[in-house]
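**Student:** Have a look at this one.
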Amino acid sequence: MSSVIIECVAKEGCRIGESPVWDEKEGALLYVDITGRKVCRWSPVTRQAQAIPVDAPVSSVALRKSGDYVITLGTRFAALKWKEELVTTITQVDKDKANTRFNDGKVDPAGRYFAGTMAEEIRPAVLERHQGSLYTLFPDLSVVKHFDQVDISNGLDWSLDHRTFFYIDSLSYSVDAFDYDLQTGKIGNRRSIYKLEKEESIPDGMCIDTEGKLWVACYDGGRVIRLDPETGKRLQTVKLPVDKTTSCCFGGKDYSEMFVTSASDGMDKEWLSRQPQAGGIFKITGLGVKGVPPYPFAG
């Protein structure tokens, strides 16, 4: 579609940019740099990103109802006070595993923080298999483990009627759906709704639009794809000028802009010279659809 415009808005490349979240109150985009160990906030007004350094790989960030943010840091759920640059541990998971870390996370419509773990990577997307699990941090700060044997826990979102939970385990090359009970946060009846094609490569972060269609960032595929979870059909492909697209969210004044994070880890000099914007944050306008505002963690 000729009306689609792609712009690199934050150029100070992340090593692994991830977990974009629009903070409406601040009018800014939150995201993390996992291996760069920082939480970032980019303002469309100043066109600058502020960064807060942390002491471990930080893989996701979410809004918090009481103010500020929650993050997944190493194998910890933690609270982040932005102005004070203060990180406080809420709780830890995977205590029986020396070699895992959290990956993608997102808050459900009832204010629960879902996040999954994975083995530490040897190289990008190369790791010990089946070491991860999917967890939920409840508003009372208790944690539930849903299942284990996960490779790379990734993209999460919920259907507009909140009855379906969508989830990606990247190395399965599949976008999966579960029945979802909003009252209890329980999931069940897992099934695949879309298998990625070879050139789409590895499914990574994901978000939903107001028409109930899913947008999936394709790591090493240099694109985001729009899927119909009902029919399992791909509806649209938007190619980006970088290969390692990692995640996507809607934001801006009316949630009509899409933000896409990317990575530069694992790229050699020659590759980086061909893709100087690798690790940048991209804004896509003209998609003709809007997104759903993020839910804040209720705890």
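Using N, Cα and C of the backbone, Cβ positions are placed for all residues, glycine too.
The feature active site, proton donor/acceptor is assigned by TrEMBL to Asp204. The annotation divalent metal cation binding site is assigned in TrEMBL to Glu18, Asn154, Asp204. Residues annotated as substrate binding site in TrEMBL: Arg101, Asn103, Glu121. The annotation domain 'SMP-30/Gluconolactonase/LRE-like region' is assigned in TrEMBL to 16-264.
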**Student:** Within the same chain, and leaving aside Arg101, Asn103, Glu121, name every residue whose CB is within 8 angstroms of the centroid of the CB atoms belonging to the recorded substrate site, in sequence order.
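**Tutor:** Residues close to the substrate site, other than Arg101, Asn103, Glu121: Ile34, Pro57, Ser59, Thr100, Phe102, Thr117, Met118, Ala119, Glu120, Leu127, Ile152.
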**Student:** What subset of the binding-site residues Arg101, Asn103, Glu121 lies within 10 angstroms of Glu18 (divalent metal cation binding site) at the C-alpha level?
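**Tutor:** Cα within 10 Å of Glu18 (divalent metal cation binding site): Asn103.
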**Student:** Restricting to the domain 'SMP-30/Gluconolactonase/LRE-like region' (16-264), report the mean pLDDT as a whole number.
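**Tutor:** Computed over the domain 'SMP-30/Gluconolactonase/LRE-like region' (16-264), the mean pLDDT is 97 on the 0 to 100 scale.
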**Student:** Roughly how many Å separate the Cα of Asn103 (substrate binding site) from that of Asp204 (active site, proton donor/acceptor), to the nearest whole number?
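**Tutor:** Their Cα atoms are separated by 10 Å.
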**Student:** What does the structure give for the C-alpha distance between Glu121 (substrate binding site) and Asp204 (active site, proton donor/acceptor)? Integer Å is fine.
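**Tutor:** Computed Cα spacing between Glu121 (substrate binding site) and Asp204 (active site, proton donor/acceptor) is 15 Å.
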**Student:** Sorted by position, what residues of the same chain at least six away from Asn154 (divalent metal cation binding site) have a C-beta under 8 A from it?
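**Tutor:** Non-local contacts for Asn154 (divalent metal cation binding site): Asn103, Asp104, Gly116, Tyr167, Ile168, Asp169, Ser170, Pro203, Asp204, Gly205, Met206.
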**Student:** Starting from the Cβ centroid of Glu18, Asn154, Asp204, which together make up the recorded divalent metal cation site, report each further residue of the same chain whose Cβ lies within 8 Å of that point, ordered by sequence.
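**Tutor:** Everything else in range on the chain: Ser19, Asn103, Asp104, Ile152, Gly155, Ile168, Ser170, Gly205, Ala217, Tyr219, Thr246, Ser247.
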**Student:** Of Glu121, Asp204, which of the recorded positions has the most Cβ neighbours inside 10 Å?
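**Tutor:** Counting every other Cβ within 10 Å of each candidate, the maximum falls on Asp204.
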**Student:** Given the binding-site residues Glu18, Arg101, Asn103, which one's Cβ is surrounded by the fewest other Cβ atoms within 10 Å?
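**Tutor:** Looking at the binding-site residues Glu18, Arg101, Asn103, the Cβ with the fewest others within 10 Å is that of Arg101.
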